[in-house]
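J.: Provided herewith is a single structure, encoded as structure tokens, for subsequent inquiry.
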Amino acid sequence: MSDRLTLLRPDDWHIHLRDGAVLPHTVADVARTFGRAIIMPNLVPPVRNAQQADAYRQRILAARPAGSRFEPLMVLYLTDQTTPEDIRTAKASGFVHAAKLYPAGATTNSDSGVTSIDKIFPALEAMAEVGMLLLVHGEVTRGEIDVFDREKVFIDEHLRRVVERFPTLKVVFEHITTGDAVQFVNEASANVAATITAHHLLYNRNHMLVGGIRPHFYCLPILKRNTHQVALLDAATSGSGKFFLGTDSAPHAQHAKENACGCAGCYTAYAAIELYAEAFEQRNALDKLEGFASLHGPAFYGLPANQDTITLVRDEWTAPTSLPFGELTVIPLRAGETLRWRLEEHA
């Protein structure tokens, strides 16, 4: 087994960078490894149009480390009021690559999200016409639905209908967490794909709940049982172009996580590819990591793969116990624990 692994530079097809004083920290972490990233638009207020997307993009570019060529790929936040013209203008910009469906109340800063999917059908029709991708947070939010069942119910009640109604629309089912989602994506047309996070590959709900509640494992969609984790590992390491890397790295300040009502999100960007390497190594599938991390995503988005490379070295190191987050701190996933792979830094 080799102690070095060289890959075409990967991309992150789902990340939260936040805004303001934290950007120099979050952008540096993602730019260290990834050539491009799909930037989530759930700011306050959200990124609803091309003008707001461009302003956010400029703030991200300004926060890049010196010499960085990292490219943010921008996303619109769909609301009940999103118009076909909003979509066409965003597509024409050249820097907006997708629009995101957040069911209202499903996750962090989703209060402005879609209250009924029927209300965005005109926008979805325009997206299909111009070739803009739909990114989906696939959970229902009704109070009577168990939090562990929200993804499956969303598939049955909404996602099947969208895919059937708009067969030419490219859809990314983001951060899938269940065997049900894997099956749906595998059985759907070539226009349907999914991202999978490192934390959903490495962990299940026992890690979060057994022996005490561990708030830094709390994310949405929530970690599921081990059988679903196994299904995700099967999908990620299958070699199928329908599955690719999306960290859903989502930082919150330490006090907002370690709280009686803590926020959802795991911060993984500081060591994302290293964490994925651990998951793939567990399956003796390191030969499949480059496809998942560097090739499948660009192919689905219709973009070229990166041409430069990164190298991972089998070399244990200890994750930091905390990281700067503006004037506050963020506790990364695996804080203070040993990681088995290290990204080789080039001078």
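From the backbone N, Cα and C atoms, a Cβ is placed for every residue, glycine too.
Per Swiss-Prot, the feature substrate binding site maps to HIS16, LEU17, ARG18, ASN42, HIS137, LEU220, HIS252, ALA264. The N6-carboxylysine feature in Swiss-Prot is assigned to LYS100; the stated evidence is sequence analysis. Feature annotation from Swiss-Prot assigns Zn(2+) 2 binding site to LYS100, HIS137, HIS175. Look at Swiss-Prot and you will find ASP248 tagged as active site, backed by sequence analysis.
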J.: Do any of LEU220, HIS252, ALA264 (binding-site residues) have a CA within 10 A of HIS175 (Zn(2+) 2 binding site), and if so which?
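T.: Of LEU220, HIS252, ALA264, within range: LEU220.
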J.: What does DSSP assign the residue listed as 'N6-carboxylysine', in three states?
T.: strand
J.: Reported as an integer number of Å, what is the Cα distance between HIS137 (substrate binding site) and ASP248 (active site)?
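T.: If we compare the Cα positions of HIS137 (substrate binding site) and ASP248 (active site), the gap is 11 Å.
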J.: Taking every protein chain in this structure into account, which of the binding-site residues LEU17, LEU220, ALA264 has the most other Cβ atoms within 10 Å of its Cβ?
T.: LEU17
J.: Whole-number Å distance between the CA of LEU220 (substrate binding site) and the CA of ASP248 (active site)?
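T.: Rounded to the nearest whole number, the Cα-Cα distance is 10 Å.
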J.: Would you list, in sequence order, the binding-site residues among HIS16, ARG18, ALA264 whose CA lies within 10 Å of the CA of ASP248 (active site)?
T.: HIS16
J.: Specify all same-chain residues, apart from the site residues LYS100, HIS137, HIS175, whose Cβ lies within 8 angstroms of the center of the Cβ atoms of the Zn(2+) 2 site, ordered by sequence.
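T.: The surrounding set, listed in chain order, is HIS14, MET40, LEU101, TYR102, THR107, LEU135, VAL136, GLY138, GLU174, ASP248.
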